[in-house]
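**Q** Take a look at this one; I'll ask things after.
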Protein chains: 4
Amino acid sequence: MSLKEGDYVLLLTSDEKSYLVEIKDQDFHTHKDFLNLKDLIGKTYGDVIYGKKGEKFYILKPTIYDFIKKIERITQIIYPKDIGYILLKLNIGPGKIVLECGGGSGALTSAFAYIVGEEGKVISYEKELKFQEVAKKNLKKLGLLHRVIFKNVEVLENFEEKEVDAVFLDVKTPWVLIKGSWEALKGGHPLGILVPTANQVSQCLSELEKCPFIEIEVVEILLRHYKTNPERLRPEDRMVAHTGYLIFAKKVFEK
Amino acid sequence: MSLKEGDYVLLLTSDEKSYLVEIKDQDFHTHKDFLNLKDLIGKTYGDVIYGKKGEKFYILKPTIYDFIKKIERITQIIYPKDIGYILLKLNIGPGKIVLECGGGSGALTSAFAYIVGEEGKVISYEKELKFQEVAKKNLKKLGLLHRVIFKNVEVLENFEEKEVDAVFLDVKTPWVLIKGSWEALKGGHPLGILVPTANQVSQCLSELEKCPFIEIEVVEILLRHYKTNPERLRPEDRMVAHTGYLIFAKKVFEK
Amino acid sequence: MSLKEGDYVLLLTSDEKSYLVEIKDQDFHTHKDFLNLKDLIGKTYGDVIYGKKGEKFYILKPTIYDFIKKIERITQIIYPKDIGYILLKLNIGPGKIVLECGGGSGALTSAFAYIVGEEGKVISYEKELKFQEVAKKNLKKLGLLHRVIFKNVEVLENFEEKEVDAVFLDVKTPWVLIKGSWEALKGGHPLGILVPTANQVSQCLSELEKCPFIEIEVVEILLRHYKTNPERLRPEDRMVAHTGYLIFAKKVFEK
Amino acid sequence: MSLKEGDYVLLLTSDEKSYLVEIKDQDFHTHKDFLNLKDLIGKTYGDVIYGKKGEKFYILKPTIYDFIKKIERITQIIYPKDIGYILLKLNIGPGKIVLECGGGSGALTSAFAYIVGEEGKVISYEKELKFQEVAKKNLKKLGLLHRVIFKNVEVLENFEEKEVDAVFLDVKTPWVLIKGSWEALKGGHPLGILVPTANQVSQCLSELEKCPFIEIEVVEILLRHYKTNPERLRPEDRMVAHTGYLIFAKKVFEK
């Protein structure tokens, strides 16, 4: 399958720096070399292309993981280690209707939109217009803009939607939206929350106890990279120590 | 949406033990109470049903996470913390063709089948017939059996498929299948491997170096649960310390 | 150096179960075999002794680590992973005067008493007499009872001591003793606190901010054991996920 | 107790940068302010001193932890999280004779020398003279040089010492010294090893199996710092992911 104008590729230099680029008539410069991106037309994922100075560039298929890592961001984004777990806990799959509040730069929105497919839908609330504009650009790159309904609204109490399959909250004071999330959800369906501090976890737990939510779970996920020398296998020297605490619960009609 | 015979529900007791059950004319006993499962007909997810002794059972929508946790297993299964990350790294989404080798009891197979949707397909190799029989039962429960092509074959070198979107290996000696995985993959597309020991990681890395694979990553993921008392927030006393090392790479046509 | 009556040894069976025993005329039974402990007299650490059924017992020198792990306990004890770090942060060494409050079963007391040597001293407050009786028995086994001044007192505000080299608090509401700890400490010297919950950490931090304490540090320590098969190196399946949060600070005369 | 010339103090600026300095007639400059160090004479630990521009400096007692963190280093040093655990496992206490090989810049040597007291002794082998010169300088700062016997020798097989209380190896190929460590140790006493890679762990384990060593343990220790805002308690964003694997075993005369 030959690459064509408008396709996105992940370009990898010989020292494994990677760049997410769109194929169009434009020069692209790295610390190693440069090339005109239209020269990618007719190539295939997996091919090598040479820069003007003779450096190799590997042409890779950008995965949803790559899109998230390379996303244009003006907010803290949610990490793949957390997104993967959120997808499973919230039961995100083709055809699902997912509501998120605090869409930010659109990292999680992208993953949701990718997985719900053509039959599904993501409703993304974000009170900051400039964040949402970035999110829209990111979703457009992925070709998934049509799967997302963006709402530039600050929700104070209730969402406009009912009977959604899952709700995710990534805002400063998620506890004020827990009752509203309950209203929006289908019975027996899951809510997810991300907060950076332990104090916020306590506040969410207190609020969850007041509403008919059960199967409450609080977790944190740590990801450790290893150096890839087979003769000297060992973890990297440093790692991300914390992104946030994840909270999950399911709506019931009475407790 | 009323529940009907054949539907699966997650039943939760008041002390939060959960059970994945199919609605049919059958008594269901727990340490707390019992009920006849056909009494669930006409109820809705989120409802409460009372057992014969008056105990509450919450009726919840089983998520893909729940299905994986409650899967019938005769092998070590892959954990949700790892599955979530694998989905993103392997770019699993609606319409994808995924090949896995070492399907085991079908935990990862279930997640793949759930996410690829009606247009996608999972090819699942497993040399042990009795493992594959269990996997088939598990996929049937999920209603996703038709999305999986099961192959009860021990692959020694090459897979029958070409141009698949992703390959995942969960076998004892994955290094012997790395070349075969390369042959099966589309250019620029991802391979994933799970191995429990550091020695196996080294052997895989040595083999990956010999083939045109790049962007090699080795990670491990740790998940820590917290107790959910808001006044006494703290991690659980014990946790799973290790499930396996995850290895990822992408195929290129030359290195 | 021959072993004699009254010495303590760590006996290890062939399947590596270990037992801390005192040499005296008494039968000692394990799941493997039994022996009379006076038969250890005249042996040396590192020797093997055979039980009455012919099973091997290895005679090992009990380390301070072993004493702590084998301590008689009626309270939650502090773990070696935490104790080691506490020793360094509190600058415990020969000749130091250390005050602890909440001595419990005496695990940390033992480590302190071991390290401060004959010239040092440990003052150990504990309001529960029955805990302190156990701690005394444990210190006696180690031969270090004379290095500890036990005080069976509930401290409400201030300690009787002044100018101590270090203070450690392991009580339910350590924040009420932070001012008292400041009074007891030498200028520029360290305070340590252990608490199990995040809420307690916040309360301690709030109180530490009000007193002239600086260089405040909060940490948690995770220890992961590996299986020792060189051909199949991998972490143990499960681990201790949490013991407590450690808080440290140093006293200054003004902030 | 008034400070005098030659004493070491930890100077802390108002933004909590810390500096280990010796009191002598010399100007000391930081990003905040400067002062002449002889002005510290007559002050006490815990006091505040003002710089020439009016900035506060807190005068703290340097702990052994501080000395280790501020050590002059030309090699990778062992971290306090690991040192604390090593001390307990190797049973380091007043009066002990400890042998280490691969002394490097002297971080662990310092901790050993501090804890063994005036009656104990540390024998420190290091083949690189320039490393050992740095270690000597560091021990001198601590006033503990007389407790260490430095040997600038590359040990190929056996140490000159016998009947030592503990041995610690921190060299590239510790497995070649395991038999020699066995020879040097008292019966029933502990050996410790630090290695950065999993491959080295496997090699050490293979060698330990060949010698009469038992109670073999492999661990790794992770330390996570928290931000100290009580209203927003959360781990720091990043952490050290790996320093090394620790291996411990005890010598027996036969297996």
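Cβ atoms here come from the backbone N, Cα and C positions, even for glycine.
Automated prediction, rather than curation, is the source of TrEMBL annotations.
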**Q** Given that TrEMBL annotates D:SER105, D:GLY106, D:ALA107, D:LEU108, D:ASP170 as binding S-adenosyl-L-methionine, state which candidate in D:GLU126, D:GLU154, D:GLU157, D:GLU183 belongs to that site as well.
**A** D:GLU126
**Q** Taking the Cβ of D:LEU108 (S-adenosyl-L-methionine binding site) as centre, how many other Cβ atoms lie within 10 Å?
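**A** If we count other Cβ atoms within 10 Å of D:LEU108 (S-adenosyl-L-methionine binding site), we arrive at 28.
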**Q** Can you count the other CB atoms that lie within 10 A of the CB of D:GLY106 (S-adenosyl-L-methionine binding site)?
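**A** Total other Cβ atoms inside 10 Å, all chains included: 36.
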**Q** I'd like to know which of the binding-site residues D:SER105, D:ALA107, D:GLU126, D:ASP170 has the most other Cβ atoms within 10 Å of its Cβ.
**A** D:GLU126
**Q** Hey, for the S-adenosyl-L-methionine site built from D:SER105, D:GLY106, D:ALA107, D:LEU108, D:GLU126, D:ASP170, who else sits with CB inside 8 A of the CB center?
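**A** Residues close to the S-adenosyl-L-methionine site, other than D:SER105, D:GLY106, D:ALA107, D:LEU108, D:GLU126, D:ASP170: D:THR75, D:ILE77, D:ILE78, D:GLU100, D:GLY102, D:GLY103, D:GLY104, D:THR109, D:SER110, D:SER124, D:PHE131, D:ALA135.
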**Q** Just report the maximum Cα pair distance in Å for the recorded S-adenosyl-L-methionine binders D:SER105, D:GLY106, D:ALA107, D:LEU108, D:GLU126, D:ASP170, no decimals.
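**A** Largest Cα to Cα distance for the S-adenosyl-L-methionine-binding set is 13 Å.
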